[in-house]
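Working notes, beginning with the structure itself.
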Amino acid sequence: MKHSLVRLCGAGALVLPLSVMAESGTDLPAQGSSIYDQTSTGSGNMMLFNRLQDQQQSINELRGRIEKLEHELEQQTRLSKQRYLDLEERLSGNSGSGAGSSAGAPASSGSGDDSSDPITRAARSGAGDVSGSSGSSDNAAAGSASSSGSASSSASANGAGDAQQAYQEAFALVQQRQFDQAIDAFEQFNQQYSDTPLKGNAYYWLGELYSARSRLDQAAGAFQTVIDDYSGSSKVSDAIYKLGLVRARQGESDQAQQLLQRVIRDYPDSNAAGLAQDFLDKTGG
């Protein structure tokens with residue numbers, strides 16, 4: 001009996017380690033797989049995080065490049081406009097020195113004076129037209145208005161004389177560099193005198209004055225009025241040329257080039273055509 005109990009206990013002791021080994025043998029692979037999965041998942045998350053970081057860095061670099069390009073484009077646009085203005089100054093000055101030696105004839109487009117201010121050059125050149133040069137369009141138009149008025153009746157003659165006087169008074173303000181007052185005077189002139197042949201000239205000088213005040217949209221409108229509504233005016237070629245310069249200042253380089261080429265094509269013998277050609281040559285247009 002005792003021997004049987006000993007054998008039974010021995011068998012039990014033998015079975016217990018085997019069961020423990022069997023149980024631990026089945027659990028170990030499961031635990032190992034779980035650790036592997038966790039390690040693999042953590043590694044994948046880290047790779048994804050690194051990729052996101054790299055993409056964010058690339059996006060930041062692209063944004064920086066875009067901002068830099070936008071800044072450079074803005075600078076180039078500003079420099080381009082400034083080059084147009086500087087070139088207009090030089091061309092007008094060079095043309096003025098040449099025109100001054102040609103028998104003192106008044107020139108259109110403001111090129112007969114060596115002043116550094118374009119509007120002043122234009123005003124002084126135009127002053128010769130108004131004050132009594134026999135070849136000037138302004139004086140010829142004013143004289144025509146006076147003669148036609150006196151031929152019809154004394155009342156209309158007085159009206160034409162009033163228009164001529166009002167025009168000369170407005171132009172005197174330009175000569176005195178009182179540009180804002182001159183703008184008011186020419187605007188009032190155009191409202192008050194609807195039939196005078198001087199209206200085309202008045203609109204032209206309004207365009208010059210608006211341009212001098214950097215009111216470019218209004219300047220373009222005034223020059224366009226001369227071109228469209230006063231096609232018989234001697235100021236048309238000058239208006240086309242000046243409109244081209246205004247468009248250049250506005251950054252409309254293609255339209256500016258078309259207008260300058262139009263002056264050269266349609267008015268090849270005008271002073272404005274020469275200035276337009278010089279401008280295109282200097283700008284590579």
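Glycine too: its Cβ is placed from the backbone N, Cα and C atoms.
Keep in mind that TrEMBL annotations are predicted by a computer and have not been checked by a curator.
Here TrEMBL flags 52-79 as coiled coil. The compositional bias 'Low complexity' annotation in TrEMBL covers 102-113, 122-159. Sequence annotations record features per position, and here TrEMBL assigns domain 'YbgF trimerisation' to 43-99. Among the features that TrEMBL reports, region 'Disordered' is placed at 91-159. Summarising the annotation, TrEMBL assigns repeat 'TPR' to 237-270. Here TrEMBL flags 1-22 as signal peptide.
With DSSP classes pooled into helix, strand and coil, the tally for the repeat 'TPR' (237-270) is 27 helix, 0 strand, 7 coil. For the domain 'YbgF trimerisation' (43-99), the model's average pLDDT works out to 69.
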